[in-house]
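Taken verbatim from Swiss-Prot:
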ACT_SITE  Thr107  active site
ACT_SITE  Thr185  active site
ACT_SITE  Asp186  active site
ACT_SITE  Lys264  active site
DOMAIN    97-434  domain 'Asparaginase/glutaminase'
Amino acid sequence: MRVLSEYKGKAGELLREHGLSVGDRVRIVRDDGVVVEGIIMPRSELGDDEHIVVKMDNGYNVGVRVDRIEKLEAPGEGHEPSFKPMEGEIEYDPKLPNVSVMSTGGTIACRVDYETGAVKPAFTAEELVGAVPELLDVINIVDARAVLDLLSENMEPKHWMKIAEEVVDALSDPDVEGVVIGHGTDTMAFTAAALSFVIEGLNGPVVLVGAQRSSDRPSSDAASNLIAACAFAGDGEVGEVTVCMHGWTSDEVCLVHRGVRVRKMHTSRRDAFRSVESIPIAKVDVKDLRNPKIEFLRSDYRRPEDGEPEISGGFEEKVALVKFAPGMDPEVLDFYVDRGYRGIVLEGTGLGHVSEQWLESIERAVDDGIAVVMTSQCLYGRVNMNVYRTGRLLRAVGVIPGEDMLPEVAYVKLMYVLDRTDDIKEVERLMRTNIAGEIEGGRVLGGFEPADGPHHRL
């Protein structure tokens, strides 16, 4: 019998009684009649001894409480899954572009760790090719590095800076055409915005890529997303930070979004990322994974600059993002004022409004030298604080219009701007200046169609 991977206590005893181990196929009947069938997965050392984890045929993992198992049987032999990196050296192809690939801890190109039961990123060139062999026909991975190992919700400004430094280092190599960054999807848009502002003089594409479903799932989007991202990075045509993810639910096309106009708009769909009131820079046809085809959808993207990129500043962390809701106490603003915050981004309603009851707290914040920026919860459309009375009152006390910036982009930008200057007039000037394509200004039409409309099927 194979060795159990961290199954202890009740769960370990039950499996031993039935002669079962990790990798065996099992059929479990629960006390309520629910049947679970699949492969026994390892149990993490951090897990309890009350559950048995099973990977079902649909790719999902489910934990079954031991005290609810009425029947346990083995319908057939399973197998303990394994992962093998490519053996031997990867042959360099001078006809292919050179790309640096970085990992920050997302599920892109992940494999199952059968000691902990978790998914771990493949971050050496051999591991990446072992996970996605089609990469050999698309790029040369001349540099593969694990920059961070974080769930994206744990990202902080110091991590954005670490990634930025690694990007600048990679693109300082004249042989590298572009950089691909594997990143968790939940806060990918924040990181994309941060890199867009803090790196100046990009001499090649920087492409953030993720996966809504890890590569141990049959429905994983990891391979096609990674190949599309690498193809776009290797193309070397764009000098911007971008995000490359599924264009729609099938595996036909990935879209490349501008890093300051993109948002995760769905919790679980593979096409969760959308360019908001903007058109993606390009689409990548990945029906043939070994021969992805790039089609540009707009021509106003920034071209790579000559020379080497550089870090242009940092991020002031004493900045808050506050979403207004009816009945919400303005004391939330006083909290940040009392704690010495330097900036507040408001997500207001409609054209940029909050309750008039908030005016006193907002005026107090402005009088204390705090930059207060207004964005809209609507996401689509532009803040206009000159139309209605509330907007004019807010403008009169010193609230800065956030134009048509997405709230999270305005949040990151304000952190960046406040790191550069304390002068509130200069803060307003910079916040209303288009630095990295974050302010479209209504110049792009066709960004408001429903998901199944013509924009979505670009």
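Just so it is clear, glycine is given a Cβ too, placed from its N, Cα and C backbone atoms.
Keep in mind it's a predicted model, so treat the numbers as computed, not measured.
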Cα distance (Å, whole number) from Asp186 (active site) to Lys264 (active site): 7
Among Thr185, Asp186, Lys264, the one of these active-site residues whose Cβ has the fewest neighbouring Cβ atoms within 10 Å: Asp186
In three-state DSSP terms, the structure that Lys264 (active site) belongs to: strand
